[in-house]
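Beneath this line is the structure, given in C-alpha cells, with notes to follow.
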Amino acid sequence: MTEFLQLVIYGVVLGSILTLGAIGVSLIYGILRFAHFAHGDIMTMGAYFAFALVVGLGFPIWASAPFAVVGGALLAIAIDQTVYRRLRRVQPIILLISSFGIAIALRSVVQLIWGPHNQVYASGIQMPYRLGDLVIKPDHVWIVLGAVVLVTALHLFLTRTKMGKAMRAMSDNMDLALVSGIPSERVIMVTWAVGGGLAAVAGVFLGMDTRLHPVMGWSLLLPVFAAAILGGIGRPYGAIAGGMVIGLSMELSTMVINPTYKPAVAFALMVLMLVVRPQGLFKGNA
Amino acid sequence: MTLLAIEGLTGGYGGADILHGVDLRVEPGEMVVIIGPNGAGKSTLMKAAFGLVKIREGAVLFERRDITPLRPDQIVRQGISYVPQENNVFPSLSVEENLEMGAFIRTDDIRPQLERIYNFFPRLGERRDQIAGSMSGGERQMLAMGRALMLDPKLLLLDEPTAGLSPLFIDQTFERIRKINEAGIGILMVEQNAKQALAVCDRGYVLTMGRNRIDDTGANLLANKDVAEMFLGG
C-alpha cells in the first residue's frame with residue numbers, strides 16, 4: 001500500500017510536468033493543425049535558461065523560473081516568426097518535419113553552450129517531508145502547486161479574456177474567425193507565447209525533479225504527445241486529464257514491470273487510444 | 001451612393017473560373033437576392049464580395065472604394081459582415097462568447113450592442129450561457145446572424161440562411177432578415193427558397209453558369225414566366 005501511494009505521488013508530479021507540456025502541444029495543434037515535435041526541446045531550453053541564471057547569477061531556482069517562462073515564450077515566438085510563419089499554407093506534414101529539424105537544432109545549441117553532461121540546479125541532499133512511511137520532496141510540492149497555479153491561470157485566460165476566447169474560437173473554426181475579423185497572426189503569436197512559456201516551466205520542473213540533460217525534453221516528448229492525444233488533441237482541458245492519466249500510469253506500471261519501460265507504457269496507451277477512441281477521452285479537434 | 005458594386009467579375013478558387021463577368025449592385029438599405037440553379041456560382045459571387053475568391057478580372061467597390069485586393073479581416077472593418085452557410089458558429093463557445101468574437105475588432109464597450117442583439121433575438125438572450133454546438137439549426141442561424149451584426153455593418157451577406165431549416169423556422173428567419181433590413185442594413189443573400197426570398201426582397205438576380213441572366217425587382221421576377229419555369233416549380 002505504501003509503495004502504491006508513493007508511486008501515486010511520483011505519478012502526480014510527473015503528470016503535472018506532462019500536463020504543462022501537453023497543454024502547449026494541444027493549443028498549437030488546435031490552431032495551427034500540426035504536431036509540434038520541437039516542444040520537448042523547448043522544454044529543455046527552458047530548463048537551461050533557468051540553469052544559466054542559477055549558476056551564472058546565483059539566483060534561487062524559484063526566482064529563475066519566471067525568466068525561463070519569458071525565455072521560452074520569446075523563443076517559441078522567434079521560431080514561429082522565422083520558420084513556421086513561412087510555412088502557414090503548406091501541408092501539415094511539412095510543418096511537422098520542419099519542427100523535427102528545429103528540435104535537433106535546439107538540442108545542438110544546448111550541447112554547444114552547456115555541454116552533453118548531466119547537470120543539476122542544486123547539489124546536496126534535500127530533506128524530504130515524511131508522512132508516515134511516505135516520502136515527499138519539497139520540490140515535489142512546488143512542482144504540483146506550480147502546475148495547479150499555472151493551469152488555473154490558463155483557465156482564467158481562456159475563459160475570461162478576449163484573447164483567450166479568440167484562441168478557442170480559432171481552434172473551433174478558423175474560417176469563421178477570419179471572416180469575423182479576428183487577427184489570426186496576433187492570436188497565433190499569443191498561442192506560441194503560452195505554449196512556449198508553459199513548456200519552459202515544464203522543463204524547469206523536470207530539471208528540479210531529476211537532472212538537466214540535452215535530451216531531457218526530447219525523451220519526454222512521447223509521453224507529452226500521449227497525454228495530448230489521450231485528452232483529445234486540440235483540447236487544452238483534455239491535456240490536463242491526459243497528463244495525469246499518463247503520469248500515473250507510467251509510475252504505477254513500475255510495480256509490475258521494469259522502470260526502463262515507462263515510456264513504452266505511455267506509447268502503448270497512446271496507440272490503444274488511437275485505435276479505440278481516436279477522438280480522445282473528450283471529443284478532440286483532430 | 002451605391003453601397004456595393006460588383007463590376008465584370010471573373011474568377012474562382014484557383015482552378016477554372018466559376019464567375020464570368022458578373023455585374024451586381026446593392027443600394028443602401030436595399031435587400032437583394034441571388035437565385036439560380038446549383039453550381040451557378042451564387043455562393044462564389046457572394047464570397048467574391050468578401051475577399052474569399054481569387055478575382056482575375058473586374059472589381060468590387062464598397063461605397064465607391066475598391067475593396068477587390070482586401071483580405072476578409074480588412075473588409076470586415078469597412079462595414080461588411082458575412083454569414084457562411086455552414087459552420088457559421090464557434091461550437092465550443094457559449095452564445096455570448098460567439099457574439100463577443102463577432103465584435104473582436106471593436107475596442108469600445110460592446111454591452112449595449114449585446115443587449116440590442118438579445119432584444120432582437122430573445123431566444124439568444126435566454127440562452128446566453130449555452131454552448132453554441134448544442135443548439136438547434138434554427139438557433140444557430142440566429143446566433144450566426146447575431147455574430148455578424150455585432151459590428152453594426154452597413155451590408156450583411158447571407159449565404160442560404162434558411163438551408164436545412166424547418167418550414168416554421170424558414171418563415172421566422174425571413175421575418176428576421178426583413179426586420180434587419182428595415183433597420184437600414186443592406187442585405188445581399190443567396191437563397192434556395194426562391195419564391196419566399198423574391199417575395200420579401202427589393203431586387204433579385206438570376207445567375208446561371210457564372211453569368212447574370214436576368215435582374216429585376218422581386219415582384220417582377222416572381223411574375224416572370226422563364227424564372228417561374230426554371231426555379232419556382234412552374
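Glycine is no exception: its Cβ is also placed from the backbone N, Cα and C atoms.
What TrEMBL says about this protein:
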| type | residues | note |
| --- | --- | --- |
| TRANSMEM | A:7-32 | transmembrane segment |
| TRANSMEM | A:47-78 | transmembrane segment |
| TRANSMEM | A:90-114 | transmembrane segment |
| TRANSMEM | A:140-158 | transmembrane segment |
| TRANSMEM | A:187-206 | transmembrane segment |
| TRANSMEM | A:263-282 | transmembrane segment |
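Taking Cβ pairs closer than 8 Å, the transmembrane segment (A:90-114) reaches residues 32-38, 40-42, 44-45, 48, 51, 79, 83-84, 212, 214-215, 218 in its own chain, all 6 or more past its ends. When Cβ-Cβ distances below 8 Å are used as the criterion, the transmembrane segment (A:140-158) is approached by residues 9, 12-13, 16-17, 19-20, 23, 62, 65, 129, 164-165, 167-168, 194, 198, 201, 205, 208-209, 236-237, 240 of the same chain, each at least six residues removed from its ends. Sequence-distant residue pairs (6 or more apart) of the transmembrane segment (A:47-78) and the transmembrane segment (A:7-32) include fewer than 3 whose Cβ atoms are under 8 Å, leaving the two stretches without contact.
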